[in-house]
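Taken from Swiss-Prot, the feature substrate binding site applies to Arg299, Asp336, Asp340, Arg480, supported by similarity to another entry. The Mg(2+) 2 binding site annotation in Swiss-Prot covers Asp336, Asp340. Positions annotated as Mg(2+) 1 binding site by Swiss-Prot, on the basis of similarity to another entry: Asp336, Asp340. The Mg(2+) 3 binding site annotation in Swiss-Prot covers Asp483, Ser487, Glu491 and is backed by similarity to another entry. Residues annotated as motif 'DDXXD motif' in Swiss-Prot, with similarity to another entry given as evidence: 336-340. As annotated by Swiss-Prot, transit peptide applies to 1-34, with the evidence given as sequence analysis.
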Amino acid sequence: MYSLPGATMSAAPASIISSSSFVEPLLLAAASPAAAAAAANSHHQVRQRGHLVRTLAASSSSNTLLRSDFDLQEGLTTDVKRMLRQRQKKSGGGREMLVTIDNLKRLCIDHYFEEEIEGAMATGACTRLLHSDDLFDATLAFRLLREAGHDVSAKDDVLRRFIDGASGDFKLSLSNDVRGLLSLHDMSHLDVGGEAALLHRAKEFSSRHLASAVRYLDDPSLAEYVRQSLDHPYHLSLTQYKARHHLRYLQSLPSRDAAVERLAVAEFQLNKSLHQGEMREIKRWWMDLGLAEEIPVVRDQVMKWYMWSMAALQGSSFSRYRVEITKIISLVYVVDDIFDLVGTLEELSAFTEAVKMWDTVAADSLPSCMRSCYKALHTVTNEIAEIAQKEHGSNHVNRLRKAWAVLFDGFMVEARWLATDQVPTAEDYLRNGVITSGVPLTFMHIFSMLGYDDPSTEEEEEAIIDHMPSIISCPAKILRLWDDMGSAEDEAQEGFDGSYRDFYLMENPSRSPGEAEAHMRGLIAREWEVLNRECFCRRTFPSNLVQVCLNTARMVSVMYSYNKEQRLPVLEDYAAMMLVL
């Protein structure tokens, strides 16, 4: 149990950590693509692409939060701000202040203290710690500075002091510094280019010695924290998921920040209440839509779709957006299943042309299930365009319809490959797979609701989807590659549409499946490097858009990390943590 001094709601987070069994039925066969395919209809042709996890976020909760909840948060925020000012005055932004900032970030409550954090980072104390001979201080300072967009070098500013000149490896004396090794491990995932070899060595060194330390640590809380850090590296993992475990670890320490812990619990309670209300609203919409009854072979995984939105758009201010974007995600899944399981090539071509015309009359000649799907996506997309118009003064309906047209064209490419027994190159498959992942389409809708106008296009008909910046393409490619690794051997089906691994092995017959997977993991690592560079160096997009894209990339492994029983334990744990009563 969580026990926060003076906190009346401290028991809530503990109850969700162990309740994953309750969420299992709600994920609706999310544990295995094979289960979903079998449940659909075994006599239909299923393409090898598998679950195209479509990304992201939106929701408007029907749940009314009591004013007292916000008053409690406001009071706790004031307490923490007072503590930050005192700590800054006392330490001048030294280790104690940086540890506090790190805790605020890990607990997902740093957004309340942006001014205080920026002030502390600007004092120069963080830069001084960067050159410390203490591994923990130097690596923590590096990570916070890089995350804030500062130009720092892993080699020149930090790691060269901790490498043995004779062997070229990290000094063996560091192997017993568990706290420093944890921080080094966190730092090792922040490659932005040109540092891959050094940071890979840092990851190997820290991972090896942390794995060894788990066996002899006397503190069970610290041992569990180390295991969590190795299994779910901070930068690559969902911050909301990590926050619960970080809070539990903080509560095991002899020295604690009660105000910070209480605010973290209050924030969790508020978000959980919102998520539950949003989920109820989405379930009502999906049931009223009736597509699952009209098209029995389509996937019916409302909670799974919502969790993409919940992960990507975090915070109470995005509640309505989470609901709306979940609708988009669900319709991408439906369209995917229609292409996979329902339509003939001729019908799918007519479906695509109707979407391009963006006229409900154009859909009149389509089969009933396609008409219903078209009407739903037309309605939801126009509603999102109206939201953007009302809140930001820009109506992006033409860009959104263009995004749908691009997605349908991508599905048609795959349908023709299958119909003509054409075998694409791995590169061509992956390029088209970025589109059919659904990520670019979903991001277009999110960007519109967040009020983003692409400065690189002058005409409304032009869209960011035409020139696909890395902030969009990287999460999409990460998703496609993870999806293909997870589903290539899982999906029971007739027909063959292939995965990246299949096409790579065809082009490289001397390679084994294990080597193909290693190659794919290397591609994923390179996409993370490019995404990191966009997030931490270039800063060409607003921070809220960057965070959406980063959160999406982090969610991918949660959706596709199957265990030996073909279950998704992290997804189940995360759903229980954030949604179960």
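Using N, Cα and C of the backbone, Cβ positions are placed for all residues, glycine too.
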Summarise the model confidence on the motif 'DDXXD motif' (336-340) as a single mean pLDDT, whole number.
95
How many other Cβ atoms sit within 10 Å of the Cβ of Arg480 (substrate binding site)?
30
Based on DSSP, name the secondary structure state of Arg480 (substrate binding site): helix, strand or coil.
helix
Roughly how many Å separate the Cα of Asp340 (substrate binding site) from that of Asp483 (Mg(2+) 3 binding site), to the nearest whole number?
16
Could you give the number of helix, strand and coil residues in the motif 'DDXXD motif' (336-340) as assigned by DSSP?
5 helix, 0 strand, 0 coil
Return the residue, from the listed binding-site residues Asp336, Asp340, Asp483, with the maximum count of other C-beta atoms within 10 angstroms of its C-beta.
Asp340
Within 10 angstroms of the C-beta of Arg299 (substrate binding site), what count of other C-beta atoms is obtained when all protein chains are considered?
25
Between Asp336 (substrate binding site) and Asp483 (Mg(2+) 3 binding site), the C-alpha gap once rounded to whole angstrom:
14
Arg299 (substrate binding site) -> DSSP, reduced to three states, gives coil
Roughly how many angstrom lie between the C-alpha atoms of Arg299 (substrate binding site) and Asp483 (Mg(2+) 3 binding site)?
16
